[in-house]
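Reviewing the structure listed below.
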Amino acid sequence: MAKYNFPKDFIWGVATSSYQIEGAYNEDGKGENIWDRFTSIPGNIYKNHNGNVACDHYHLYEKDIEILEQLGINNYRLSISWARIFPKGYGEVNQKGVEFYKKLINTLISKGIQPAVTLYHWDLPQHLQDMGGWANRKVVDYFVEYAEFMFKEFGDLVPIWITHNEPWVVSMLGYAWGIHAPGIKDYKMALQVAHNVLLSHGKVVRLYRSMDLKGKIGITLNLLTSYPYTNDEKDILAAKINDGFVNRWFLDPVLKGKYPEDMVKLYREQNLLPELPEEDMEIINEKIDFLGINYYTRSVVKYDEASYPLKASGVELDNPKTDMGWEIYPKGLYDMLNYLHQNYDGIEILITENGAAFNDIVNSNGRVIDDYRIFYLNEHLKEVYRAISDGVNVKGYYLWSFLDNFEWAEGYAKRFGIVYVDYTNQNRIIKDSAYWYGDVIKNNGLKE
Ligand SMILES: N=[N+]=NCCCCNC(=O)[C@@H]1[C@H]2[C@H](O)[C@@H](O)[C@H](O)[C@@H](CO)[C@@H]12
């Protein structure tokens with residue numbers, strides 16, 4: 001019996017993404033994507049790790065789905081590798097790529113596991129990057145063509161669609177700071193990228209509606225609850241600017257049809273404002289069925305004269321952190337859920353990612369005792385429960401991640417999985433947290 005009972009039809013799931021787990025980077029007709037290219041350049045990734053093999057999910061997906069079944073996990077968020085479908089990003093279709101996802105999704109459904117499909121989780125076909133990538137407005141139209149193909153092929157199979165995963169990361173880490181693929185450092189271009197990605201989202205939602213499909217469609221945003229370091233009004237303003245930078249720059253166009261005025265003013269003053277055609281806003285604001293949010297940690301922000309362009313910088317507190325160095329702050333999820341409920345008309349929410357990396361060790365009995373991860377997950381789920389009890393419209397939770405996997409610039413050094421992957425032999429070891437999560441699902445709630 002659970003102490004914290006979740007709503008009857010609450011969605012309990014786990015999440016992954018194509019580049020992080022599939023491997024088979026150049027198999028069965030798949031085209032090169034920007035992460036294949038970015039990881040091939042020495043110095044970009046921890047120890048020059050890459051996703052050429054990753055968790056070899058492309059070949060091991062049936063065994064991985066058996067683990068989901070064994071654990072009683074009946075919702076699974078995955079992403080599609082665009083370059084497996086369209087090796088050049090558009091035009092010729094790679095039928096073997098289509099067949100892989102048909103087999104994957106049909107196997108999930110045959111076992112009673114509901115798929116949630118992300119169309120774009122960062123792995124842009126390299127051919128499209130060669131023409132400017134998301135900075136080129138033409139790529140918007142190629143994304144729509146890709147989505148239309150996916151809706152025609154999978155629209156009747158897949159009940160939950162996510163257009164994009166974390167446009168803030170796509171634009172800022174990929175095009176402003178060069179930490180992620182394609183490794184560009186151009187802040188103004190990054191803001192143009194963010195706009196084009198949002199425009200592509202809106203066009204795909206509009207397309208989905210026109211095809212009269214029966215599922216739900218939304219977008220996933222990484223949201224950082226922002227808190228001022230002190231009660232000094234400069235810090236309070238800095239926290240608000242950080243909230244605008246990470247959260248409202250994406251939430252407002254999608255849910256209100258306009259960019260936040262304070263950030264437009266700031267970017268205009270800094271000569272960073274890109275082309276933001278007014279006629280695009282109505283498209284970006286196309287009504288979504290749910291907002292996906294990825295929550296990991298909070299931001300504590302102080303005024304910082306030297307910080308460009310926001311005059312705001314994060315403060316590292318001496319609090320418990322995950323292996324990523326991210327503060328463990330469950331209340332930040334509660335506060336974010338209430339913030340969304342109050343400021344965005346009670347929009348339906350799916351938590352499409354929440355989880356933690358810790359330095360997992362396989363003990364002498366071949367077991368991974370990850371009590372720290374169970375603690376992190378339990379504390380965050382208690383905050384979700386509290387928000388639902390306050391009336392916040394949270395419909396589901398996808399734990400990041402199902403498997404240990406390629407953690408972008410950190411390579412395989414960071415383990416987020418509830419299933420341990422031994423990359424030397426591709427063995428899977430079910431961690432204690434996975435058994436714990438299976439119980440949460442069975443009880444539809446938490447014991448403590
Ligand atoms: N300071 N700080 N920052 C906290 C937020 C950083 C933004 N990164 C994410 O949210 C990525 C998201 C991604 O979808 C997944 O593909 C990644 O594997 C996870 C784990 O990294 C998360």
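Note that Cβ sites are derived from N, Cα and C of the backbone, with glycine treated the same way.
Caution: TrEMBL annotation is automatic and unverified by curators.
Quick caveat, the model's predicted, so the values are computed rather than measured.
According to TrEMBL, the feature substrate binding site maps to Gln20, His121, Asn165, Tyr296, Trp400, Glu407, Trp408. Per TrEMBL, the feature active site, proton donor maps to Glu166. The active site, nucleophile annotation in TrEMBL covers Glu353.
Long-range C-beta contacts of Glu407 (substrate binding site), restricted to its own chain and to partners at least six residues apart, with a cutoff below 8 Å, comprise Gln20, Ala357, Ala413, Lys414, Phe416. Listed in sequence order, the residues Ser17, Glu353, Ser401, Asn405, Phe416 complete the 8 Å Cβ shell around the substrate site centroid, once Gln20, His121, Asn165, Tyr296, Trp400, Glu407, Trp408 themselves are left out. Between the alpha carbons (Cα) of Tyr296 (substrate binding site) and Glu353 (active site, nucleophile) lies a span of roughly 8 Å.
Within 10 Å of the residue listed as 'active site, nucleophile', judged by CA to CA distance, lie the following binding-site residues from the set His121, Trp400, Trp408: Trp400. Taking the Cβ of Tyr296 (substrate binding site) as centre and 10 Å as the limit, one finds 24 other Cβ atoms among all the protein chains shown.
Secondary structure at Asn165 (substrate binding site), as computed by DSSP, is strand. Site extent for substrate: the farthest pair of Cα atoms among Gln20, His121, Asn165, Tyr296, Trp400, Glu407, Trp408 sits 18 Å apart. Separating the Cα atoms of Trp408 (substrate binding site) and the residue listed as 'active site, proton donor' is a whole-number distance of 14 Å.
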